[in-house]
Amino acid sequence: MEKYIMSLDQGTTSSRCIIFNKKGEIVSVAQKEFTQIYPKAGWVEHDPLEIWGKQAGVAGEALNIARISPEQIAGIGITNQRETTVVWNKRTGMPVYNAIVWQCRRTAGYCDELREKGIDKTIKEKTGLMLDAYFSATKIKWILDNVEGARELAEKGDLLFGNIDTWLIWNMTKGKIHVTDYTNASRTMLFNIHELKWDEELLEILDIPKSMLPEVKPSSCVYGETDEILFGVSIPISGDAGDQQAALFGQTCFNAGMAKNTYGTGCFLLMNTGEKAVDSKNGLLTTIAVGIDGKVEYALEGSIFIGGAVIQWLRDELRMVKTAQETEKYATEVEDNNGVYLVPAFVGIGAPYWDSYARGTILGLTRGAKKEHIIRAALESMAYQTHDVLKAMEEDSGIELKALKVDGGACQNNFLMQFQSDILGVEVDRPEVVETTALGAAYLAGLAVGYWKDRNEISQNWAISRSFAPAMEDEKREKLIKGWHKAVTKAMDWEDKE
């Protein structure tokens, strides 16, 4: 009986299940979108019960599409939108509030208060993260302080916290297992990445009871088995990593200096720094890349909040395109950006600027600016932001990048990939299997159950679909980048500080 690995890929806008074979090839995919909830400006929420329902649904669907039985699944890997925070009652299994999404800015003011007390330095030293509303810690505190009865339940030991991986595993095991992995824990702003444990001092500062937190384990190990009610059989849950770390693993960036960019809702650039946690001087995050083989490896990360989401905005709000794919056609219908820059700082701007008060702007408009120029500027904004992050990584790590591995939905846009290569001045490599986030989770799960022997075996699966080489003159590149930096400066510090 041929065996497969199931990967549950719980993203920001959709829940997916992808089944892989031994060669790392996709056997089947099932996907369902779920509701985005915007209660106030800058607030973003999801319904955890909807996420669980849709995730369980696509798992069954993927098995049906592949025409394989649950007995043929050797292990399940989970990868998830990171930082998004769920708090639930362990007795009833019901969330006390909606999941607060990584994009949500509601705790920006509280982060400013902590910064005034100098706590940002403590957080950076211990967790490798910037003090920001993006991470889980202040979201947990917000729920405890603002949801009626939540603090009392937490003090009694009745509330559990988890990122989406923890929430899924808890539900898959019918409440038996409350666990996360090192990569997800490293995104909470509560985990000491050097000592590899929840940090008592930070828990005290934020007034979060330790009893709420999950046990932290490696990214590749058997956490438990699915309850039989789910598939009719028990299947080992054996891999878990935050989406960006999973993509780094799926891209086989196993050596220090290897980097990838995932062009999803946000863009996320990670560079493997090996067993050394590199402290960033450029506003990048130091994070855990993977916990495997009895050790952890670290990475530098630059987070770009609005990547592919700018294309959704062009489609849904401005109605300039009917589909995301059309952006490539429009962008190539004009010779250049005609001096137009779009800074998509809809929810502030991330690395290396970190300004919660920046807002989106379109600059350089003249009477000759057309829809095509704005669409092109939107695509180019992803490449410029990637450039800024990559330059900061090179500076911090002392490693010059030779090539960039790419994945995520927008990497299928050939215009964007060519422009990315031109702006970076290095080769951009798109792999055969672009679902590297799900693939990384599958690899982690498969390694834990002996489906794959080791990383060397996995590396042999990686193949290039297309390579993009830089074709832009240095002078033109520098001029474009200078214009972009000028535009970013104009977008910063726009929103009034409360």
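Here the Cβ of each residue, glycine as well, is placed from N, Cα and C on the backbone.
As annotated by Swiss-Prot, sn-glycerol 3-phosphate binding site applies to Thr12, Arg82, Glu83, Tyr134, Asp243, with the evidence given as sequence analysis. The secondary structure of Asp243 (sn-glycerol 3-phosphate binding site), as reduced to three states from DSSP, is helical. Around Asp243 (sn-glycerol 3-phosphate binding site), a 10 Å sphere centred on its CB holds 29 further CB atoms from the protein chains shown.
In the three-state DSSP scheme, Thr12 (sn-glycerol 3-phosphate binding site) is classed as coil. Long-range Cβ proximity for Thr12 (sn-glycerol 3-phosphate binding site), meaning a same-chain Cβ under 8 A and a gap of 6 or more residues, is found for Gln81, Thr84, Val101, Trp102, Gln103, Gly264, Thr265, Gly266. Annotation comment: Swiss-Prot describes Thr12, Arg16, Thr265, Gly308, Gly409, Asn413 as ADP binding site, evidence class sequence analysis.
DSSP assigns Gln312 (ATP binding site) to a helical segment in the three-state reduction. Sequence annotations record features per position, and here Swiss-Prot assigns ATP binding site to Thr12, Thr13, Ser14, Thr265, Gly308, Gln312, Gly409 based on sequence analysis.
The feature glycerol binding site is assigned by Swiss-Prot to Arg82, Glu83, Tyr134, Asp243, Gln244. Around Arg82 (sn-glycerol 3-phosphate binding site), the C-beta neighbours below 8 angstroms that are at least 6 residues distant in the chain are Trp102, Asn163, Thr183, Asn184, Arg187, Gly242, Asp243, Gln244.
Other Cβ atoms within 10 Å of the Cβ of Asn413 (ADP binding site), summed over all protein chains shown, number 21. Across the structure, Arg16 (ADP binding site) and Glu83 (sn-glycerol 3-phosphate binding site) place their CA atoms 18 angstrom apart. A simple Cβ count within 10 Å picks out one of the binding-site residues Gly308, Gly409 as the most packed, and that one is Gly308. For the binding-site residues given as Ser14, Arg16, Tyr134, Gln312, the lowest number of other CB atoms within 10 Å of the residue's CB is seen at Gln312. According to its DSSP assignment, Gly409 (ADP binding site) is helical. Per-site Cβ counts within 10 Å over the binding-site residues Thr13, Gln244, Thr265 peak at Gln244. Residues Gln81, Thr84, Trp102, Arg187, Gly242, Phe268, Ser303 surround the recorded glycerol site, their Cβ atoms falling within 8 Å of the Cβ centroid of Arg82, Glu83, Tyr134, Asp243, Gln244, which are themselves excluded. Within the set Thr12, Arg16, Thr265, Gly308, Gly409, Asn413 that the record links to ADP, no two Cα atoms are more than 21 Å apart, and one pair reaches that distance.
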